[in-house]
Structure formats: C-alpha cells, structure tokens
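For reference, the structure is listed below as structure tokens.
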C-alpha cells in the first residue's frame, strides 16, 4: 500500500478533517414532489398532507439502519470505503434482498 496517502493501513494517527460540513436537517432535501413521485410509482392516487413528514421520518430510520449495517461490514473488512456489496449484504440481513449489484 505504498504511495497511498496517510501511511497505508492502520499507520499514523490520521489527521483532522478540514472543511467538514456540519450535516443537519438534510432530511428536508427529500422534497414533497420526490415523495409524491415515489408514491405514484407505488400506485397511490391521492396523498394526505401529513404523509410527507411521516415518510421522511420512516425513510430516515430505514437509511440509518442500512447504513449502520453497511459500515459494520466495511469496518469488519478493515476498509474505509463502503462498497455496493456492503449495502447489498446489509439489505439482505434486514430481509430485503437486492439483485443486480453483485453477489
């Protein structure tokens, strides 16, 4: 692993991350029209106004769980990059098998 930045695998202390943007309230980036399109794809004709916040909440919890499992797989493999396979395995673990991304 020579010539790969901060000392290769496990060496060095790792520097402070510069310009790390503070992430907050990004769930609002899932816009009302985006939720509406997803509902249309699922066959929904008419949507209550209260659905949007509820959908954002449910989506946030779902993504937190999948990402947590994906990162666990990544850390176990001693990698720093989450791969598509990590996500596939995390989804499979939660009972939602996804085809088309390997394994």
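Glycine too: its Cβ is placed from the backbone N, Cα and C atoms.
Features of the protein shown, as given by Swiss-Prot:
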- 17-21: DNA-binding region (DNA_BIND)
- 1-14: compositional bias 'Gly residues' (COMPBIAS)
- 6: N6-methyllysine (MOD_RES)
- 6: N6-acetyl-N6-methyllysine (MOD_RES)
- 9: N6-methyllysine (MOD_RES)
- 13: N6-methyllysine (MOD_RES)
- 13: N6-acetyl-N6-methyllysine (MOD_RES)
- 92: N6-glutaryllysine (MOD_RES)
- 1-20: region 'Disordered' (REGION)
Given a separation of at least six residues and a C-beta threshold under 8 Å, show me what packs close to the residue listed as 'N6-glutaryllysine' in the same chain. 98
Determine the mean pLDDT over the DNA-binding region (17-21), rounding to the nearest whole number. 74
Counting by DSSP, what is the helix, strand and coil composition of the DNA-binding region (17-21)? 0 helix, 0 strand, 5 coil
